[in-house]
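Peer 1: What Swiss-Prot shows for this protein is this:
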type	residues	note
DOMAIN	15-90	domain 'RRM 1'
CROSSLNK	LYS37	SUMO2 cross-link
DOMAIN	112-188	domain 'RRM 2'
REGION	189-201	region 'Interaction with SAFB1'
COMPBIAS	190-199	compositional bias 'Low complexity'
MOD_RES	SER190	phosphoserine
REGION	190-222	region 'Disordered'
MOD_RES	TYR193	phosphotyrosine
MOD_RES	SER194	phosphoserine
MOD_RES	SER196	phosphoserine
MOD_RES	SER205	phosphoserine
MOD_RES	SER209	phosphoserine
MOD_RES	SER212	phosphoserine
MOD_RES	TYR215	phosphotyrosine
MOD_RES	SER217	phosphoserine
Amino acid sequence: MSSGWADERGGEGDGRIYVGNLPSDVREKDLEDLFYKYGRIREIELKNRHGLVPFAFVRFEDPRDAEDAIYGRNGYDYGQCRLRVEFPRTYGGRGGWPRGARNGPPTRRSDFRVLVSGLPPSGSWQDLKDHMREAGDVCYADVQKDGMGMVEYLRKEDMEYALRKLDDTKFRSHEGETSYIRVYPERSTSYGYSRSRSGSRGRDSPYQSRGSPHYFSPFRPY
């Protein structure tokens with residue numbers, strides 16, 4: 001699912017990182033203080049748009065310093081906010097779908113799968129993973145542009161907990177958009193998902209991803 005700033009994001013070889021979930025009063029100097037110890041900073045771009053959660057791009061002279069910054073600051077508690085720090089993913093193709101998650105090849109897939117509907121326009125796979133891992137370890141997450149998402153859990157009991165406890169819960173994207181989402185089993189077509197205009201049948205799931213899937217190793221912190 002693309003966001004309002006998807007066209008500003010680049011690849012990971014230029015030393016640039018994305019910093020999200022920043023406090024509303026953040027300044028460029030604050031970002032410099034957060035990241036200077038990882039290496040020489042070439043540029044800081046702070047995006048503080050009215051009514052949205054601020055985010056920024058920080059560019060290091062050495063791409064290896066960018067990797068260190070991600071390792072050291074992703075998930076870091078900064079004031080009342082937990083930072084999200086990652087490489088900007090390259091967007092391309094019609095519709096702006098992401099290509100090439102940094103997490104590498106599939107580490108594990110699971111049959112313990114749920115579908116999610118009602119995601120806000122700026123909701124990303126990372127937002128979905130963060131929300132749904134309240135039920136347990138997520139090994140796969142993906143989204144598409146019509147507000148649908150798919151999540152796979154490592155354990156059946158976590159999937160069952162998500163179906164019971166995360167259905168009709170308030171979801172918040174990295175840009176501050178909120179909505180109440182529905183969570184249901186993959187083979188269900190509940191909650192108004194409409195079939196394509198072609199009238200095609202025979203699919204086990206109403207979900208069809210148009211972008212690269214995103215895998216998560218249960219042995220790495222996110």
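Any Cβ shown, glycine's included, is placed from N, Cα and C.
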Peer 1: Relative to the Cβ position of LYS37 (SUMO2 cross-link), how many further Cβ atoms are located within 10 Å?
Peer 2: 10
Peer 1: Just to confirm my parser: what is the rounded mean pLDDT across the domain 'RRM 1' (15-90)?
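Peer 2: On average, pLDDT over the domain 'RRM 1' (15-90) sits at 88.
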Peer 1: How do the residues of the domain 'RRM 2' (112-188) split into helix, strand and coil according to DSSP?
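Peer 2: The breakdown for the domain 'RRM 2' (112-188) reads 18 helix, 29 strand, 30 coil.
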